Each structure stands twice: as C-alpha cells, then as structure tokens.
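Annotated in TrEMBL:
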type	residues	note
DOMAIN	6-120	domain 'Response regulatory'
MOD_RES	Asp55	4-aspartylphosphate
Amino acid sequence: MSENKQLLLVEDDEVFAQVLSRSLSTKAISVVVCHSVEEAKQRHQTLQLDYIILDLFLGDDSGLSILTELREHHPSSNILVLTGYASIATTVQAIKLGADNYLPKPATTKQILQALEEAPTATDKEHEAEPLSVDRLEWEHIQTVLAQHEGNVSATARALGMHRRTLQRKLAKKPSKK
C-alpha cells in the first residue's frame, strides 16, 4: 500500500479497534475510529477516505445501515465488512449494498489488508461453490429467517418451529466452516 492512505474503522469493540488501528498505522495508513453508526455518520463526510472497514454488528445497530451512505459519499473507497457472525445471507446483502469485500473475524492484519486491496479472486468464487455441510446449511437458514424477522429471536423460533432456548443455543455456536 502506498503512503498517506486514510481509513475509516467503524467498530464497537474498542480493544479490537485500538489493536487494528495501531497495526494499520505501522503500514502508513491513517486510521479514524468510530465506535457507532451515529459517530460514523457525523465524521465520514469531512474525510477523504481510501478504505472503510465496517463491523456488521455495532451494539444495537447494524453496519449495513450506513453502508449505502458510505458508498455514495466515497465511491472510490474500498469497503470491507468485517464480522464475527459471517453468513451467506449477510455477505450477499453487504455486497448488494456496496461492500467490496467481506471477511469473517478473527482476521489477521495481513488478511484485512489483502481484502482491502484485492477484489475476490476466481479461487474464492470456486471455494464458495463447494457443497455446504448440513450443519452449515442449517446455520445459514437460521440466519436468513432471523434476518427476515429483524433479529427477533422469539419470532424466528416460532417460524422455525423450535423452542426459543434451542434457537439461542444454535445462534451462540460458531458456524462450521463448510
């Protein structure tokens, strides 16, 4: 990456934001950190951004709620959605709203820099075409239904025909890789 790049990091985890910010600053990237969607809405308009890293879940808000606005104001910026709760449904939604790339946590600084610099490659697309396990398909379906019910766990459990606690246990588990 060349020098004098500016990055907006929208991340509610203050420790992660501080560590990532410090790591990126060693790569000659000036990092502006916002810990909420509201803070990002106020600050991004005055910045000339080369990169944007957006956490998917920001407390009670979603990073996707500001994604379209960021894309409109910064059309040439590379936008990366970074999340600890990656699913195919949220990936598709993020890309449709204007994200250039999507990366699940935990991710190394090297992986984040690669995702900011590169569009997904053909090998990434081939990897996505591999069949998913039953566990992964179940997790993806739960995420889709949860999104349809706007994050309401009780309504999602009713729609899926399962007990609310069972659904909460399934949501607490990390999804399988395949």
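The backbone N, Cα and C atoms fix where each Cβ goes, and this holds for glycine too.
Counting only same-chain residues six or more apart in sequence, the Cβ atoms lying under 8 angstroms from the Cβ of the residue listed as '4-aspartylphosphate' belong to Val10, Glu11, Asp12, Asp13, Gly63, Val81, Leu82, Thr83.
Mapped onto three states, the DSSP output places Asp55 (4-aspartylphosphate) in strand. Break the domain 'Response regulatory' (6-120) down by DSSP state and the numbers are 51 helix, 30 strand, 34 coil.
In the predicted structure, the domain 'Response regulatory' (6-120) carries a mean pLDDT of 85.
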